[in-house]
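Over in Swiss-Prot, the protein carries these features:
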- GLY33, ARG34, ASN35, GLY36, ALA37, GLY38, LYS39, SER40: ATP binding site (BINDING)
- 202-503: coiled coil (COILED)
- 672-777: coiled coil (COILED)
- 806-888: coiled coil (COILED)
- 952-1007: coiled coil (COILED)
- 1060-1070: compositional bias 'Basic and acidic residues' (COMPBIAS)
- 1385-1395: compositional bias 'Acidic residues' (COMPBIAS)
- 1420-1437: compositional bias 'Acidic residues' (COMPBIAS)
- LYS107: N6-acetyllysine (MOD_RES)
- 1050-1070: region 'Disordered' (REGION)
- 1330-1437: region 'Disordered' (REGION)
Amino acid sequence: MFIKFIFIKGFRSYKDQGFTSITLHPGFNVVTGRNGAGKSNLFAAIRFLLGDLNVGNNSEDRLKLLHSYGGNTMQTGYVEIVFDNSDHRFPIDKTEFSLRRTFGTSKDEFSIGNNKLSKADVRNMFEAAGFSSSNPYYIVQQGKINTLALMKDSDRLDMLKEVAGATVYEERKRESVAIMIESESKSIKIEEFLKYIDERIKVLDKERKELQLYQTQIEMKKQFEAYIIHLEANESNDRILDLEKEKEKYLIHSSKESKKLERFTDELKKDESKFNKLLSEIKKIDNEKIMVEKLNEVFDKQKAQLVIQQKHFKKLLSKEQAKLEKLQKEQDLLSGSKEKLEKEIEIIKPKLEELIGQEDDIDNKLSSTERNLQELYVKQGMFQFKSKTERDKYLGDESSKLEDIVNQYEQQAQSLEEDVEDMKQIQQSKGKQFDNSMASKDKEAEIVKTAELRVHELKLEKDQIEQRVSSTFQSINEMKSNLTEHRNEWKKAERNLQTIMNRPLSEGLTRLNQIRQEGKIKGIHGPLVELFDIVEPEATLALEVVGGNGLFHVVVDTDDTASKILEILNTENIGRLSFIPLNRVRTKPPKFPILENDLVCPLIKVISFDPIYTEAMKLVFGKTLICKDEATAEQVRKSSHVDCITFEGDVFHSKGAVTGGYYSKKKLKLSSYQQIKHWRQQYQQLQTQLTEKESELEKLQASLLSIQKTIRTKEDEKNKILSNNDNSRVELDKIISERTMYIEILEKKQTILKKLKIDIQNCKDTIDGYQKQINTAFNTKLTEEESNLLLTLSESSIQLKEQKISISSDVMKLQSRKNQMTNQLNQNYGKRLMEIEGEIKSLNPENSKLQIELKQKEIDEINIEIDGVREKLESLVQSLNEKDAEIKPIKVSIDALKQQTSTIADQLVADGKKMESLLAQIQSFNKVRDAKQLRVLSKGDRFNFEELKKYNKDQSVEELNKINKSLASLRHVNQKANDQFNSFTNQYNSLEARRDELYESNASIQLLIKTLDNKKDEAIARTFSGVAKNFTQVFKELIPGGSAKLVMKRQMDEDEGEGEDPKEWADGETPKGLLTFTGIGIQVSFGEGHEPCSMRQLSGGQKTLVALALIFALQRTDPAPFYLLDEIDAALDHNYRVAVSKMIRKHSREIQFIATTFGPEFVMDANQNWIVVFNKGGSKLVPGSTEDALNVIKQLDNGSAFDYSYQGITEEEFNQDRPVLGVAENKHLVAFEFKRAKKRALKALAKAEEACAIMVQDEANQDSNADSSEKLKHDKKIFEKLHKEYLLRAAEFNQVKERFIRFGGIIKQQGDDELSQSSQPQDKEMENIEKEKDNNQQTSDTEMKDTDQSTTKQKSPPKRKSPSQDTSDIETSDDESKKKQTESNQEESDIDEETPSQRFEEALNYASQKLKQHGLQESEQSEQEEDDDDISSDSSD
């Protein structure tokens, strides 16, 4: 066994070791690495898994073990080691397994695979594999070598005791002493209890005799009681017959009264139907009357409004006509004034033109005169010039100036001419605008007139639609009222059906309707009652009786659909439903007789349905015939043996029974459902009609909205046109004003142009005169002719100017007059005339006349409607009076029928209660009779009533009273006297045996303590001898030529080297006074010629080497599967390192070594080198070659302190002087455990065989009796319990046996003569200890029981022992001695478990078959499971 892989995650410096493809070598593995890389943490992880590392139990201690780097700490971690278990050193049936220890702040657990283990399980597993807690030197830590080197002699002795297992012996001794003390205490208690039980047994013996007398009296009492019950049963039977006859009378009477009540009920129902119908009609007429009255009020209001509107239009017409006359008068007056002004203007125009012509002539003349005058004046003024040249120059300059003026005038004239043309065009444009405005105004007036006519037509249409909307509203309101009534009737019928049906069915149907509405599940046809119609209504009661709850069975297409619905109902835990899947239901054709008359027909013929539901209908109604009367039904039933039913619901069953009677029609589910169906159809039809009416109303409202929208549009257009007319009038006024203004401007510009042309011409004439003068001779004086001309011209000029002033004044007056008249014509008369014309056009008296006519027409129509409404109102009042007169006799009839039905119903209720009372009495007497007959039958085998027939009931009661008085005197008898007597006797015998066992076990324990002391001394001596021998041999191997030995020291040995050498002890002899030794000394010599010296005289390296030699000696004496060595060569020099390395390499043939080092010697001898590296915050163990490991060491060897000359152990050295490793010194403990496990297994086997024999015997004796079956069942239960315990003990034995063999034990066969007799005392001691442990719990349980509460029962109580026999029971007979001798010889033999297991299985199978025949097999499993805990608790001892 060795370590193959190591996986570490989250442990100290190891973040995640991960998987390495190279396994650890089963020999010598050497680990190197830098300081702080994680070598020691690797060993700590292995120790953590093996349980050697001391870790606290709190979370803080485990937190210290978790990997932490860079401030990040892992939450969990684990250490896992894969072990090679090919030698099966571990008690696991695997050649390889992995053990993991997972830890964190909140958990710490071991596991192998998926199986979790406790720390104790892991510790036991390692101890079984040879990791003894008494020899912890398979892990050598840093500093442990130094501790061994500096250890005192007394400490070495303690270490040797620990290795030898002395501590185990001490623990066993303490346990044995505790058991002895407990046994003595229990023995005293048992003696006291025995005295009490002996006294109690004597009392119970007397009570047993009283109990026998009591039981005899009880038996007589039961016999008389059974006889009295027999007599009472006969009396009950007679009473039942009388009650049945009385019930039959009431039943006949009730049937007659029921039919009578049914007849009255039908009449009452018809009268109530008529009454309700009349009430409904009255209510309807009353509602209609209210609506007609409201309609009359509406028409009156409408008529009043129309009259008011008509008066308004009349007033409006009168005002419009008055205004029109006034406007026309003003228009005529203004038109005359306008014509007069126009005539005056026409008169003024010629005069004005003539004066303007005269003015122009005078201007021409004056201009010519002025020009001539100017020439003469110039000529006259020539005296100022000295010469012609000067004169000509002056004239030339003046001509130039005048030419410039002429040019300017011509430009101005040209501009004026252009302005005049523009003014003329503008004037034309304004004229066109005026004409267009006038035309547009006329067109808009026509449009307004047309719009008004269209609006009037639309309003008429709107009024008609409003009337239709009003009537439709009335119809809808009436339909809604009827719809509410229908819905109330529908819901009332549904509530009535719910009260009749049971609640689960009602809830189921409600949920079914919801499922159908959701539509997620297809194929639901609905309840059967929905799927047919009743052809003959009088057969409703018959269908109700035959259908029953089957009426509400749900018809579906397949059973899968039914399963889906049921799943929903079960999930929601609501309702119950039954289903008829059409794919499953099949019916046989009924054997009906040939029907030759109309008195009988199949019930299925009175309904109609879809052919797909034929099978479903046949399933419910197909087996019954409906008959006209009872006689026919009885005749058909007898002749054809089929079920028949009458229309009254009386059923004549084919087997002879007849059921029927009164059925309240209010409680008939089918009738209620038909009512639901009727009102639902009425509701749906009315709902459809209401929807159509509402749709019609929506269309009318849409039309009304459209017309109103059109009216608003037309009115908006008219208002817009009227608004535009106002704007047009303003625009027209503006056009007229602008036109007048442009005319005036044109006239002014023409005048200015004319004047400007005259000035231009004058200037030109002046220039021509200057040119003429230039051409004339220079003369400074005028001629006489010229002077006269000058005088004449001067006078003419004055006259002309005077004339011009006069004419200009006249022109201005006429022009002003003309302008005034023109302005008055255009601004006043024209504008006002246009306004008057617009106002006249805006006035529309024809429209008012039309409105008056329309309103009158509407008033006439309203009058017609009012007359019709009043006639209808009178008709409704008359109808109400007629209905009131008609309903009164019906009300009287209803009251009388109610009184009669109430009387009959009360009588029927009384008869029903009487029949219920009779039925209850019959049932009560039936129960009494049946119970008494059952009691008589159950006791008929025990009692013989022949002897008691001489007694009647009274005499029997008298005898029973006498027996009861006798029993009263014995009422305090102890009913459990027999059981208690047997129980106390058994307890007495058991306690005697227990007391004897305690005496025997105390003696055995004392012998065991003595034996353990001897064993301990032998173990210490044997261990010391082996360690001393191996120490000497190891030291010689490490130091050739050297010698060393271990010596035992006593108190008188002062020197460290003094003491006894184990070689001086005889073989197998334990030195006397071993416990007087005080320590173990060491004497060593490091070569020939060297004196032996003690540890105190050695150097540090030598002490280390001696300590290593001692460790190797311990390892050879008690080897472990592998060893962990942490830098054990740290204090050695090169030669010693080489010696230690070679020795480890030799030991690694059989044992795995994992060592850390800083030197090259271990590296050279290693089978596999490993290097610990620290990278990225975590340590990792990686395989390396020898060169890689040496490079790491050389990097650390800064001072070249190591010697690298050693090349490893040679093959010759490796094979020379192979060390022989010893066997663990605790072999005898393994043998002890083996014997104890074997003893337990044999004891369990014996108990199981005994129980098996009892069970087999009971199987053979079993009969059909229930008691024998129960006994066999009980025996089988006990055997299964003991069989399971045996299997557990056998498995435990096999595990211990394997370990025993692994430690060198030999399994002997039965009857082996070589069995040592010396083992018998120890075996007996072991047996007594086991008995003591098994009986301790039994004794404590026995002491807790109270004697009076014992319920133990035995078939035959054992014979009680007398106190004088107590001492004889302690001794053992010769037969018992031989039996124990035989058992002792079998203790080390093997157990053949195949044969008993096979036999046990056969017995169990046979018993199971027996029990299965009696129906008891099913209960065994639960009972067996209840006993599992008891078995497991028994197996844990």
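Sequential numbering from 1, following the chain as shown.
From the backbone N, Cα and C atoms, a Cβ is placed for every residue, glycine too.
Sequence features, as recorded in Swiss-Prot, placed on the structure.
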residue: GLY33; record: ATP binding site; DSSP (3 states): strand
residue: GLY38; record: ATP binding site; DSSP (3 states): coil
residue: LYS107; record: N6-acetyllysine; DSSP (3 states): coil
Problem - Nonlocal neighbours by CB distance (under 8 Å) for LYS107 (N6-acetyllysine), same chain, sequence gap 6 or more - result: THR76
Exercise for the section: Could you check if the coiled coil (952-1007) is in contact with the coiled coil (672-777), meaning 3+ Cβ pairs under 8 Å among residue pairs at least 6 apart in sequence? Expected result: no
Problem - Cβ within 8 Å of the mean position of the Cβ atoms of GLY33, ARG34, ASN35, GLY36, ALA37, GLY38, LYS39, SER40: remaining residues of the chain near ATP - result: ASN41, VAL1172, PHE1174, SER1179
Problem - LYS39 (ATP binding site), number of other Cβ atoms within 10 Å - result: 25
Exercise for the section: Please report the number of other Cβ atoms within 10 Å of the Cβ of ARG34 (ATP binding site). Expected result: 15
Completion exercise
By the 10 Å Cβ-neighbour count, the most surrounded of the binding-site residues ASN35, SER40 is SER40
Fill in the blank from the handout: For GLY36 (ATP binding site), the nonlocal same-chain Cβ neighbours (under 8 Å, six or more residues apart) come out as PHE1174
Handout entry: Other CB atoms within 10 A, centred on GLY38 (ATP binding site)
Key = 25
Practice task
Tally every other Cβ atom lying within 10 Å of the Cβ atom of ALA37 (ATP binding site).
Solution key: 21
Handout entry: CB within-chain contacts under 8 A for GLY33 (ATP binding site), separation at least 6
Key = LYS39, THR1156, ILE1171, VAL1172, VAL1173, VAL1192
